[in-house]
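Quick notes on the structure that follows.
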Amino acid sequence: MNGTPRHPERTVLRLARPYLNRLVGAGLLAAGTEFAGLALMATATWLLMSAAGRPPLDRLTVAIVAVRALAISRGVLRYTERLAGHDAVLRLITDVRARVFATLAARPAPRQRAGDALSRLVSDVEAVQDLLLRVLVPAAAAVLVSAVAVGGAALVSPAAAGALAVGLLVAGVALPALATALTRRAGAELAPLRGALATDAVDLTHGAADLAAFGATGYALHAARERAGRLARLERRLAATGFAVDAAGVLLSGLTAGAVVLTALAAGVDGVLVGVLAVGTLAAVEIALALVGAARQWTGLRTGLARVAALLAETPAAPAGGGAGVEPGPHAVRFEEVTVRYRDGAAPALDGFSLDLPPGRRVAVVGPSGAGKSTLAAVLTGTVRPQGGRVTLDGRELSAYRGEELPRAVGGLLAEAYVFHASVRENLLLGRPGAGDDELAAATAAAGLLDWVRAQPAGWETVVGEEGGQLSGGQRQRLALARALLAAPGVLVLDEPTEGLDPAAADAVLRSTLAATPAGHSVLLISHRLLGLTELDEILVLDAGRITQRGRHADLVEAPGWYRDQWLLQEAAERGYLALAP
Ligand SMILES: Nc1ncnc2c1ncn2[C@@H]1O[C@H](COP(=O)(O)OP(=O)(O)OP(=O)(O)O)[C@@H](O)[C@H]1O
């Protein structure tokens, strides 16, 4: 696991480099907007106070025109700033999303909940957008305008400018630092609580039927309500702290204006200009107070930014040799002393596993639940990377193949295959885009689903529902199997291909599946069911990640051990089942 970069902002800024001109432009426009606002207040004050003395109108003309020009330009500048800022940031975000997806796609299968991963992906990438648009651009504008305001005030009275500078420093540095310090801890507690609440919502809706069946709805609701209550209390506390800091900001702007007025009066500044300084100070402090908001945003964004930066830092290295290209057809696979451990300190799921799978060989892996069979399939398809040993395809390590290369050589039916909310045809074409009806029919026949497809009024266009919900478990399994057969990778991995089928159907489907696999293609079959394995070249019995027995069915069934015991049990059970079957 890569370490989290210590300054995620730097990673973001590095990515933003190609758009730097646009971002600087947006920053300048934002500063222009704020400056126009400040100048508008100051000019309007001068105009009002001067007009009170009834001077000749021509002395006021420039100021009148300036007020109009500033009022209009403020709106125009704000609009162009938003346009320029969003244009730059949305371009950057497109890059960031593409990189994040590429990294995730090249990564082993996620170990976290899919919903959580997805929502994080969306909100974390948005953190990059917010960092630029809500933190950096307004902060840069506030700093620039504060400097201009102090410079302007210094032209009138250096002493008043000093008082203004102090006020602006407190508003733009001390208050933001205070706001960050006060909210950091609560903010850190908030994120996991929000995550837990999202998970509760998913569990309570998706698991409603099971919760009701076990009479656990009340308990689950109570736990979720408690977490929601804790979140609400935390948010109330954060809001109260936020209001206190905001109130301090208002107080500060009054105090700064008072100090500026007193120093200006003491320095003998003309009354009208004192008024201009007072109103200008209120406007300038308000602009500097934007930094409090920026700091608050920044605190909230840091966790998401760190996660995105960690993902981006993980950008997959191009495989050595640039990927030699994978031809369809036979391939040789070799496992050498492969060890997989899902967690440090946990027992290994695979423990020094070795196997030769030359082209055309058909091997079954059997063993008790938790023995490591699915882990083996995941290692072979590249979704789990072993911590020890190596797995090679045609002599090259699996990790040396590009993400899109490996599936051309190794693939098949993995545990919990996903069926898309689409037609039977579309689900099948995923296995081999462009396959004709004959090919679809051959694969579907081997999986034992062709009769069902033919019986449907819509045939290949039958829509299977969300996650294949309009199919029976067995039909879903057969559809996924047909898709794997259509893909016809050189190394076909079949994780429980006949799960959910009755014994007679399971035998038939396994036989036709093996028959439909082209000569020279190897097969790694994972199965709980030991019947029907007579045709396989070798059967491995796996237990706690190690091979405990190996051989052909005829030999294993003669030797005392797990295989024989299990085979006898299953055979007796199925004989009973078949005797009862009509
Ligand atoms: N994603 C995971 N995270 C942590 N541990 C895992 C994960 N997947 C599997 N394991 C652990 O690894 C071991 C092997 O699991 P695996 O799924 O490979 O066994 P299996 O033989 O396929 O079991 P089954 O026949 O029940 O499907 C088990 O102890 C399991 O708890």
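Quick reminder: no glycine exception, Cβ is built from N, Cα and C everywhere.
Listed in TrEMBL:
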type	residues	note
DOMAIN	24-303	domain 'ABC transmembrane type-1'
DOMAIN	333-569	domain 'ABC transporter'
TRANSMEM	23-48	transmembrane segment
TRANSMEM	60-77	transmembrane segment
TRANSMEM	131-155	transmembrane segment
TRANSMEM	161-182	transmembrane segment
TRANSMEM	243-266	transmembrane segment
TRANSMEM	272-292	transmembrane segment
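For the transmembrane segment (161-182), the neighbouring stretch richest in Cβ pairs under 8 Å, chosen from 23-48, 60-77, 131-155, 243-266, 272-292, is 243-266. Sequence-distant contacts of the transmembrane segment (23-48), counting only residues of its own chain at least 6 positions beyond either end whose CB sits under 8 Å from a CB of the stretch, comprise 16, 60, 63-64, 66-67, 70-71, 73-74, 77-78, 80-81, 84-85, 88-89, 132, 136-138, 140-142, 144-145, 148-149, 152, 272-273, 275-276, 278-280, 282-284, 287. Looking only at the domain 'ABC transporter' (333-569), the predicted model's pLDDT averages out at 88.
Contact between the transmembrane segment (243-266) and the transmembrane segment (272-292) holds: at least three of their C-beta pairs are under 8 Å, each pair 6 or more apart in sequence.
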